[in-house]
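Here Swiss-Prot flags K268 as active site, proton donor. The annotation NAD(+) binding site is assigned in Swiss-Prot to E22, V23, P43, E44 on the grounds of sequence analysis. Under the heading S-adenosyl-L-methionine binding site, Swiss-Prot lists P223, G299, G300, D301, I304, T329, A330, M381, G410, citing sequence analysis as support. Residues or ranges marked as phosphoserine in Swiss-Prot: S128. Taken from Swiss-Prot, the feature region 'Uroporphyrinogen-III C-methyltransferase' applies to 214-470, supported by sequence analysis.
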Amino acid sequence: MDYLPIFVELKGRLVLLVGGGEVAARKATLLLRAGALLQVVAPELCSELQQRYQAGELEWYQGEFQPEYLDGIFLVIAATDDRILNHQVFSEADKRSILVNVVDDQVHCSFIFPSIIDRSPVLVAISSAGKAPVLARLIREKLEALLPSSLGTMAKIAGKWRERVKQRLTSMRQRRSFWEQAFNGRFAMLVANGQIQQAEKQLEQQLEQSDLQGELALVGAGPGDPGLLTLKGLQVIQQADVVLYDHLVSSDVLDLIRRDADKICVGKRAGNHSVSQEETNRLIVKFARQGKKVVRLKGGDPFIFGRGGEELQVAASAGIPFQVVPGITAAIGATAYAGIPLTHREHSQSITFITGHCREKGNELDWPALARGHQTLVIYMGTVKAALISHQLILHGRAEDTPVAVIGCGTRLEQQVLTGTLLELEQLAQQAPSPALLVVGEVAQLHHQIAWFGQQSIAKISRPAVVDFA
């Protein structure tokens, strides 16, 4: 972090603005809105600053900058087109440990101005640390569209009710849940519609019925890239009191969870169940009965080889309200990022998803059906059983030279795609980083032509594996 983002109280503080042109006028508008006692040093003032001076909104020292003008000053801005003068202002202010900003000269700044979204008393500040001001402006424009104009009014009402809520709800968790419900519910809608009295009545009713009920949200985290987490998924994990997450959830997605939420890893890996499913079920019920918002965060989609349905059955049996937020499953996300279309008119007319967590004999899968041509087979958690899968498919008629791909860390910056043939599947799987997805079918060869993300060089096995299942 190059800069510490802070909000500075300027009401009643002396601020010196050196410069009298249009740029200085824009800074003056911002400073006066923040309540600063503004002093301007310039030989002449532009029309806007002249009007403010005549209205008594600022003091004007007509003439050149003098170091003694810094006496008693809290903050300084140099906004002239004279570089030598700007550098002098910076030097004199810096010697006195006074915060100083030289417009469009980051080297001579002890602080910089962010892009601002003003929904007072709510303020959003966006900065690129001076590296990309246009990018910061574009981010601000996107956020402006997302944040309702009623946000400030909502915050003012909340401020008025804050002490009353604090007296009624003694724990921080209760208060947080109360306000989250208010800001996401009918209260917010009424404020947005300008129905302020009705909005306050809604708050009063909510406060009278403030007994907290726990709930469960089953959320799909997607395959790894945090940009593939759904908007609803992001909203839910940022409201959670407790997040029970799997190993497959990427660290980038975990970073999006609200900082004061309890994060508990209940992940299971092949051959190593660090937390049993029974213990996970117990934790869901335990925390929800404490009135907490519990998020069960699973890699990919929670209903595809994630045991999400079993966990919802437990919640339903315990009388715990729940919701499901789908996620982009690895078979969709990882193959897209690898440049492997799951269907193609010339190569594949159907898709089958299977899990590699199968018994050694492999009797539970319909291998003859899986071995048919002109289809794409995607195997989750198949690294350990890659040799068995390859053997069974070849045994039941799939050609040894069928193209395959193993996608390790799909959609993440460290993504690797290894391609080869079905006969080489075990060796490819052993080389790929975890988590890995196995793709069998002619579409795998299209990676060479339309790979677009991350490491596009292809690792390919040249010698076939020799596996004896006799």
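Using the three backbone atoms N, Cα and C, a Cβ is placed for every residue, glycine included.
These numbers come from a predicted model, not from an experiment.
The structure, with features from Swiss-Prot marked on it.
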residue	record	Cβ contacts under 8 Å, 6 or more apart
E22	NAD(+) binding site	C46, E48
V23	NAD(+) binding site	A79, V103
P43	NAD(+) binding site	G20, Q62, G63, E64
E44	NAD(+) binding site	G20, Q62
S128	phosphoserine	L135, A136
P223	S-adenosyl-L-methionine binding site	G299, G300, I328, T329, A330, I332, G333, A334, Y337, G410, T411
K268	active site, proton donor	D246, H247, S274, V275, Q277
I304	S-adenosyl-L-methionine binding site	T329, A331, F353, Y380
DSSP three-state assignment (helix, strand or coil) for G300 (S-adenosyl-L-methionine binding site): strand
8 Å Cβ shell about P223, G299, G300, D301, I304, T329, A330, M381, G410 centroid, S-adenosyl-L-methionine site members excluded: G222, L248, F305, G327, I328, A331, G333, A334, Y380, L437
Local backbone state of E22 (NAD(+) binding site), from DSSP in three classes: helix
Mapped DSSP class for P43 (NAD(+) binding site), helix or strand or coil: coil
For A330 (S-adenosyl-L-methionine binding site), the number of other Cβ atoms found within 10 Å of its own Cβ: 27
All-chain count of other Cβ atoms within 10 Å of G410 (S-adenosyl-L-methionine binding site): 28
Output field, NAD(+) shell: CB within 8 Å of site CB centroid, site E22, V23, P43, E44 dropped: G19, G20, G21, A24, A25, A42, L45, C46, L49, T80
DSSP three-state assignment (helix, strand or coil) for the residue listed as 'phosphoserine': coil
Averaged pLDDT, computed only over the residues in the region 'Uroporphyrinogen-III C-methyltransferase' (214-470): 90
